[in-house]
Amino acid sequence: MGRKVTVATCALNQWALDFEGNLQRILKSIEIAKHRGARYRLGPELEICGYGCWDHYYESDTLLHSLQVLAALLESPVTQDIICDVGMPVMHRNVRYNCRVIFLNRKILLIRPKMALANEGNYRELRWFTPWSRSRQTEEYFLPRMLQDLTKQETVPFGDAVLSTWDTCIGSEVCEELWTPHSPHVDMGLDGVEIFTNASGSHHVLRKAHARVDLVTMATTKNGGIYLLANQKGCDGDRLYYDGCALIAMNGSIFAQGSQFSLDDVEVLTATLDLEDIRSYRAEISSRNLAASRVSPYPRVKVDFALSCHEDLLEPVSEPIEWKYHSPAEEISLGPACWLWDFLRRSRQAGFFLPLSGGVDSAATACLVYSMCHQVCEAVKRGNLEVLADVRTIVNQLSYTPQDPRELCGRVLTTCYMASENSSQETCDRARELAQQIGSHHIGLHIDPVVKALVGLFSLVTGASPRFAVHGGSDRENLALQNVQARVRMVIAYLFAQLSLWSRGAPGGLLVLGSANVDESLLGYLTKYDCSSADINPIGGISKTDLRAFVQLCVERFQLPALQSILAAPATAELEPLAHGRVSQTDEEDMGMTYAELSVYGRLRKVAKTGPYSMFCKLLDMWRDTCSPRQVADKVKCFFSKYSMNRHKMTTLTPAYHAESYSPDDNRFDLRPFLYNTRWPWQFRCIENQVLQLEGRQRQELDGVD
């Protein structure tokens with residue numbers, strides 16, 4: 001009797017609107033799955049067009065080209081004798097749906113629309129799609145003529161149904177549906193579905209993998225069954241990095257784990273599992289069986305096909321494994337580095353240009369490029385021909401093979417220390433030493449002539465000469481003189497990014513990298529249109545605390561001792577005059593708060609969704625052992641005053657890798673006004689009234705003691 005099934009899931013590095021490339025990656029994944037004996041192949045959400053099409057979903061071209069790719073898949077001999085489950089947008093009765101299209105041997109078995117759409121954080125699915133709200137119901141979908149000619153079908157089932165093969169029952173849920181309070185797999189499992197599939201478009205956030213794995217294992221622990229999860233991987237066109245983690249689970253255990261970060265465009269997981277293990281597991285869960293007797297049945301699409309074969313007694317089954325998680329520092333070293341690689345190769349540029357200041361943030365960005373070079377070299381050594389072809393295109397040398405990460409880094413990364421009269425020798429030395437250790441092409445230059453020319457122009461026109469505060473100038477003069485240095489550096493960065501390879505006789509341009517962290521962006525502790533303005537920023541969604549942990553990891557993993565002195569030095573912008581040759585300005589003094597405090601404010605503001613008064617109330621409890629109510633009030637007022645004053649800077653912020661749940665990214669993750677009443681009169685008055693009450697109560701208690 002046939003009872004062992006081999007199933008496949010995958011993680012694909014799809015690219016929004018790259019229909020040709022997406023088709024080839026889908027076909028390759030199906031080919032690998034068949035070669036490994038799989039009879040069912042699951043792919044990521046919206047894999048045909050790529051998940052991140054955004055407003056291109058409105059365009060009829062996106063629907064048309066998706067249908068054309070589906071036709072090519074139906075027609076390909078690669079897709080024969082295996083059930084293929086692919087994702088694409090489908091219009092049904094003039095309504096757009098996010099769908100799974102499941103087919104076998106040129107016949108479409110079912111079009112299953114997504115029932116719960118992701119619409120929080122970075123997700124905006126309700127903007128483009130409508131959820132299918134008719135649970136356990138199907139309609140006829142009239143196929144376009146291009147598909148009718150191929151399938152010889154006029155209509156196919158469209159809606160919430162399951163597949164019934166000769167040997168088992170298969171049900172689909174799509175990404176967000178796994179995260180809902182009452183996921184479809186619950187009732188499907190009670191109705192006898194044994195194999196659950198989940199096609200995801202789930203992006204990376206630090207520390208998120210645990211939640212994803214826990215949801216899958218818990219689903220199969222409570223109800224039994226096989227669970228396949230597919231996901232997109234890589235950068236498909238914007239700030240998000242989809243982090244793979246395809247998996248196969250059964251009865252609460254993991255049987256196959258895909259990589260979370262990888263340069264492989266196609267990764268296929270297969271597992272051979274025994275259906276009888278599901279049936280025996282479910283048999284002794286009496287609560288599940290009682291609930292199953294009352295569940296409403298799903299429409300079943302009968303499939304003349306089996307996932308198992310008759311002679312499978314000698315077929316070895318897969319063994320359970322322990323899921324291996326990355327630490328947050330490891331996630332940072334891998335995720336943004338893979339994102340940089342995708343951005344570099346797909347933008348068809350020749351490398352990166354990074355202003356290297358000698359501080360932690362720009363050092364972390366340099367280390368991410370170095371980590372990228374490590375991953376490229378490892379992929380080439382493993383025989384990844386796609387990565388080798390891409391790196392040869394980037395360096396413009398068809399016979400090139402990278403020898404080691406340092407040698408490759410010298411070809412793709414140009415670093416530049418832009419000194420001013422306010423720069424210290426220590427930061428200059430630290431930047432140079434790090435550049436030597438990672439192998440980047442390093443440039444040192446002085447910006448003073450340009451700064452003096454600009455300030456001189458202002459003085460010539462106005463007759464006024466601004467001075468730094470230490471020389472008797474006002475706060476306005478002091479800030480303006482700092483900002484002109486920062487903005488000059490941005491202009492110089494773009495000039496050198498465009499022409500530095502030209503000056504060396506090499507073709508191509510460089511992508512300018514920014515290095516402002518998420519905490520500084522939240523507070524607005526950066527100059528608008530300075531070195532925070534770049535083409536992309538790989539650390540813009542990462543906290544200072546996590547960045548320091550990542551840099552410490554690089555000291556050990558990549559043997560970069562220069563990072564030790566960078567970690568030990570106080571963070572400074574070096575925009576004000578030195579005191580006796582030493583740094584007189586530190587970031588935390590300028591901000592009026594520590595980076596640790598900023599992370600707390602950020603999480604409370606975005607994740608806990610607190611305004612000034614609610615944040616004050618929460619911090620009263622959190623900081624009761626270290627701060628008085630008056631101190632807490634002053635800190636909260638300081639944060640919200642500076643945050644609202646600088647909120648306008650977020651509207652022009654460089655696109656940054658999304659990694660943190662409290663990111664202030666203005667693109668679509670954190671939508672706020674950028675013109676505030678920065679005095680917050682009503683909110684601050686509520687805080688002040690509460691402080692006065694608490695102080696009065698404390699005085700009464702002290703008087704009572706006396």
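Placed from the backbone N, Cα and C atoms, the Cβ positions cover glycine too.
Since the structure is predicted, the reported quantities are computational estimates derived from the model, not experimental observations.
Quick look at what Swiss-Prot annotates:
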type: DOMAIN; residues: 5-275; note: domain 'CN hydrolase'
type: ACT_SITE; residues: Glu45; note: active site, proton acceptor
type: ACT_SITE; residues: Lys114; note: active site, for glutaminase activity
type: ACT_SITE; residues: Cys175; note: active site, nucleophile
type: REGION; residues: 325-706; note: region 'Ligase'
type: BINDING; residues: Pro355, Leu356, Ser357, Gly358, Gly359, Val360, Asp361, Ser362; note: ATP binding site
type: ACT_SITE; residues: Ser357; note: active site
List the residues in the vicinity of the ATP site, defined as same-chain residues other than Pro355, Leu356, Ser357, Gly358, Gly359, Val360, Asp361, Ser362 with C-beta within 8 angstroms of the site's C-beta centre. Ala363, Thr365, Ala366, Thr427, Ala431, Ser515, Ile566
Could you tally the C-beta atoms, other than its own, that fall within 10 angstroms of the C-beta of Gly359 (ATP binding site)? 20
Counting across all protein chains, other CB atoms within 10 angstroms of the CB of Lys114 (active site, for glutaminase activity) number 25
Measuring Cα to Cα, how many Å separate the residue listed as 'active site, for glutaminase activity' from the residue listed as 'active site, proton acceptor'? 10
Model confidence for the domain 'CN hydrolase' (5-275), as mean pLDDT, reads 98
Taking only the Cα atoms, work out how far Gly359 (ATP binding site) lies from Glu45 (active site, proton acceptor), in Å, as a whole number. 40
Helix, strand or coil for Pro355 (ATP binding site)? Use DSSP. strand
Let me check the 10 A CB neighbour count of Gly358 (ATP binding site). How many other CB atoms are there? 26
